[in-house]
């Protein structure tokens, strides 16, 4: 079968088939969010998962985006602008995938830029995630250490390395370099690409990790029966520590990371240094907390927090 005929034959896939293929190429969190987005588009009757992709050739993308952005109430609930933009992003990303899948037979959606009808625009300058002070997270960690030593180490790595929870839970013992007090993290980039970043940690924290792993191989953070730790297990122990330490806000891995970022800004670290440590993509991303090409492994040494 010729190449052109092969790509044209993909038009006989259903939207449901194509969406499953697309979602399988995404990272866990993105897949979860976009799966919800696809269901939303189906509920709005923008997509019919039983239809073949032939219908996509005649789809009016502008009308679809307008329908998403014009929605004020869905299932009895007010739809926020952030939610509308997230659903629009899902639709655009999906059509771009269909464009690649069919080698151009299906045209991708393009964000609207008409005055008063723009698909994407800045909603807020600040990240809504709450934060705590260094003194507060110190108290929280004291409680967490008693509740669960493993999750105490996870929390310390989040704060000290400015890392996301999934980056920590995916660590393997061969990512730990005790001789140099460094840890190699795999950072997910766009289009499922990965890069690595080497971060130097305080000797005391690395010694605690060495005692915890005790020479075993495989995943660093495991349960009592040796299986990888889940985010729900960490969340449960965080809630207990939050209660015992009498925190005024809900403490999540996201809150800890945001708190560490804000603290670095407060102690005078430059935006460029914070970007290198945290892997944030822009100064705007850094500032929002406070007022694609793969490269060689990066080495960062954040200040001791």
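Note that Cβ sites are derived from N, Cα and C of the backbone, with glycine treated the same way.
Mean per-residue pLDDT, taken over the domain 'Core-binding (CB)' (13-99), amounts to 91. According to Swiss-Prot, the domain 'Core-binding (CB)' annotation covers 13-99, on the basis of sequence analysis.
Taken from Swiss-Prot, the feature domain 'Tyr recombinase' applies to 127-305, supported by sequence analysis.
What Swiss-Prot records for 188 (among others) is active site, and it gives sequence analysis as the kind of evidence. Cβ-based neighbour count (10 Å, all protein chains) for residue 188 (active site) stands at 19.
Residues or ranges marked as active site in Swiss-Prot (evidence: sequence analysis): 257 (among others).
Annotation comment: Swiss-Prot describes 289 as active site, O-(3'-phospho-DNA)-tyrosine intermediate.
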Notebook entry, point to check: Helix, strand or coil at residue 188 (active site), per DSSP?
Noted result: strand
Margin query: To the nearest Å, how far is the Cα of residue 188 (active site) from the Cα of residue 257 (active site)?
Written below: 17
Margin query: For a three-state summary based on DSSP, what are the helix, strand and coil counts in the domain 'Core-binding (CB)' (13-99)?
Written below: 60 helix, 6 strand, 21 coil
